[in-house]
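TrEMBL lists 6-26, 111-128 with the feature transmembrane segment. If you look up TrEMBL, you'll see 35-107 marked as domain 'DUF3592'.
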Amino acid sequence: MEIQFVPLVAGGIFAGLGVFMVYDYYRFNKSAIKAQGEILRYDEYQSKDSDNRKRTMYCPYFVFAVGGKAYEVKSNTSYSSKAIPVGEKVDVLYQPGNEAKARLAKGNDSWLGILFIGLSLPAFYYGLF
C-alpha cells in the first residue's frame, strides 16, 4: 500500500476551503441582523467555465437602511441570470457596525462549503488506500 500525495493534498485543500466556508457562514449569521432592502442594478461581466466557454454573470447591487442611513452594497454573490428583478424587495443580513459588508439573505448559506467537505472525502480515501 502506497500513500498518494496528490489526492491527499487536493483533499486537504477541498476540506480546508469547505471548513472555512461553513465557519464563515455560521460566524456571520450568528450576529447578523435582518433588514429589508431593494435590488438597484446589476454589474455584468464575462466568466470562463471549466470548459473554457464564456458565460455572462450578474452581480447585484442593493440598498438598505439602518437608523435612517442608507447603505449601497455590491453583493459578494454573482448569478448566471438576473435572478432577482431590479426594484424587488429583498432580505439583507448585516452586522452592526459593519453595514458595508452586508449580504443578501438569498444565496447566503453553507451548502457549498458542505459540498467541498464532501468532495474531500473520496480524495482522502483514494490517497490513503
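We number each residue from 1, going along the chain as drawn.
Just so you know, glycine gets a Cβ as well, placed from its N, Cα and C.
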Secondary structure tally of the domain 'DUF3592' (35-107) (DSSP, helix then strand then coil): 3 helix, 42 strand, 28 coil
For the domain 'DUF3592' (35-107), mean pLDDT (0 to 100): 93
